[in-house]
Amino acid sequence: LTESVVEVSNCGDGDCSETEPMLTERRLSGEEADGEEEEEEEGLGSNTQNMPKESVLAMAFQILVPFLLAGFGTVSAGMVLDVVQHWEAFQYITEIFILVPALLGLKGNLEMTLASRLSTAVNVGKMDSPIEKWNLIIGNLALKQVQATVVGFLAAVAAVVLGWIPEGKFQMSHAVLLCSSSVATAFIASLLQGIIMVGVIVGSKKTGINPDNVATPIAASFGDLITLAILAWISQGLYKCLDSYPYVSSLVWAFFMCLTPLWIVISSKHPASRTLLYSGWEPVITAMVISSIGGLILDKTVSDPNLAGIVVYTPVVNGIGGNLVAIQSSRISTHLHFHCAPGEVPNEAKGCYYPCRTFCGTGANHRSAQMLFLSAIPGHLIFLYAIHFMKSGHTTLTPIFMSVYLAAAMLQVLLLLCIADWMVHSIWRSGKDPDSFSIPYLTALGDLLGTALLALSFHFLWLIGDQDSDVGD
């Protein structure tokens, strides 16, 4: 539900005023905050009456529908990965598997971060002015293209380092192919998803839906599928050109890298994106490294024919965990932008963190955490059977397999929601904007935790004898 008025609440020990969201270029000083608080207190009686409330039913509907859409997107991505793992490029250049979590992670690093920033901008009234709205949109889209190009290149470098150096093997042609595939995929997928994301945010604003609930899962709904399809198509195409036209990979890489200065110039025109152009790299690059470690786990697991069945489930587990934690992170961030000055947190978030703080309570964020955690169980069951009925997975859905799979998936979601609660408040306390910093870390941790827990689950199932002879077929 869009909110154009802001309620002042008591945060911390004293009165904590509403401040300008940190997606703008300025922060309120202490005196400005006091003045803002006085103004709000004068009109508090009338403002709070007009402030729309979000019912539990509305929140559930707005969260669950996009969540299911996003889930089927990850199922489709898993089915695509299950097919393309047998293509020549993936067979002979297995390091492409290391790229998969890193490139799919761009959805969390860039698309979900963009969705969270713009959702907060909508909720606090920063997109009411058409000029400011389009400046914000164009600046953020250009920034995202810069980050996608750079992260795509660094992901390829990480794949080379993690995949080849430990084995002592290195082929320059394969390295260039990895760089070209990664950069081209990151650029094209990011541009397509960014345009879709802007449409969702603007549409949510016009229809009165809270973009915090729908933007991040819709950002993920077709993101994995689009990214994987583009990566597979480009990798296979460039692999077929290796012998006949070896220079094609270099030209593709050079073309997309040469576009970077143009996007830098455009993104520097808006103060918010200009600030992030210099300060927003730490979470994006760190998240890429974390996701690449998850990719290394996937590469080593897929290399074992007895465990190759993990491929179809990896995007599902990672995607669902990332989608759920991104919703919670965006909601907590918007709440802090509304009710607390940068550096100040509510009383309940002070002191040492404990898991009950995330789930036990009657606040909106407590209810959403409970709902998101519980929705993961039916969600995973629906997606498991969807994979089974589409004849994509090669692992039989035995009771023990489903029990171990659900245990791993629920542990991932539980850990991510707890980490999100702690991380978003910690980032806000340090004076940074959680919309730009938290989601990249959280979705990358989701990739790492999901892949690692799934790999352990498959190892465990193989050891206890719950195995299929055609698991790697």
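Just so it is clear, glycine is given a Cβ too, placed from its N, Cα and C backbone atoms.
Note that the coordinates shown come from a computational prediction; the quantities given were computed from them, not determined experimentally.
Features as listed in TrEMBL:
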COMPBIAS  31-43  compositional bias 'Acidic residues'
DOMAIN    100-233  domain 'SLC41A/MgtE integral membrane'
DOMAIN    314-456  domain 'SLC41A/MgtE integral membrane'
REGION    1-49  region 'Disordered'
TRANSMEM  56-77  transmembrane segment
TRANSMEM  89-106  transmembrane segment
TRANSMEM  146-166  transmembrane segment
TRANSMEM  172-202  transmembrane segment
TRANSMEM  214-235  transmembrane segment
TRANSMEM  247-266  transmembrane segment
TRANSMEM  278-298  transmembrane segment
TRANSMEM  310-327  transmembrane segment
TRANSMEM  371-388  transmembrane segment
TRANSMEM  400-420  transmembrane segment
TRANSMEM  441-464  transmembrane segment
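Sequence-remote contacts of a segment are chain residues at least 6 beyond its ends whose Cβ falls under 8 Å from one of its Cβ atoms, and for the transmembrane segment (89-106) they are 77, 81, 148, 151-152, 155-156, 158-160, 162-164, 174, 177-178, 181-182, 185-186, 189-190, 223-224, 227-228, 231-232, 235-236, 238-239, 287-288, 291-292, 294-296, 298-299, 302-303, 314-315, 318-319, 440, 443-444, 447-448, 451.
Panel annotation: around the transmembrane segment (146-166), residues 94-96, 98-99, 102-103, 106, 109-110, 175, 178-179, 181-187, 189-191, 256-257, 259-260, 263-264, 267, 277, 280-281, 284-285, 288-289, 291-293, 295-296, 299 of the same chain, lying at least six beyond its termini, place a Cβ under 8 Å from a Cβ of the stretch. In the domain 'SLC41A/MgtE integral membrane' (314-456), the DSSP tally of helix, strand and coil residues is 113 helix, 0 strand, 30 coil. Counted with DSSP, the domain 'SLC41A/MgtE integral membrane' (100-233) comes out as 118 helix, 0 strand, 16 coil.
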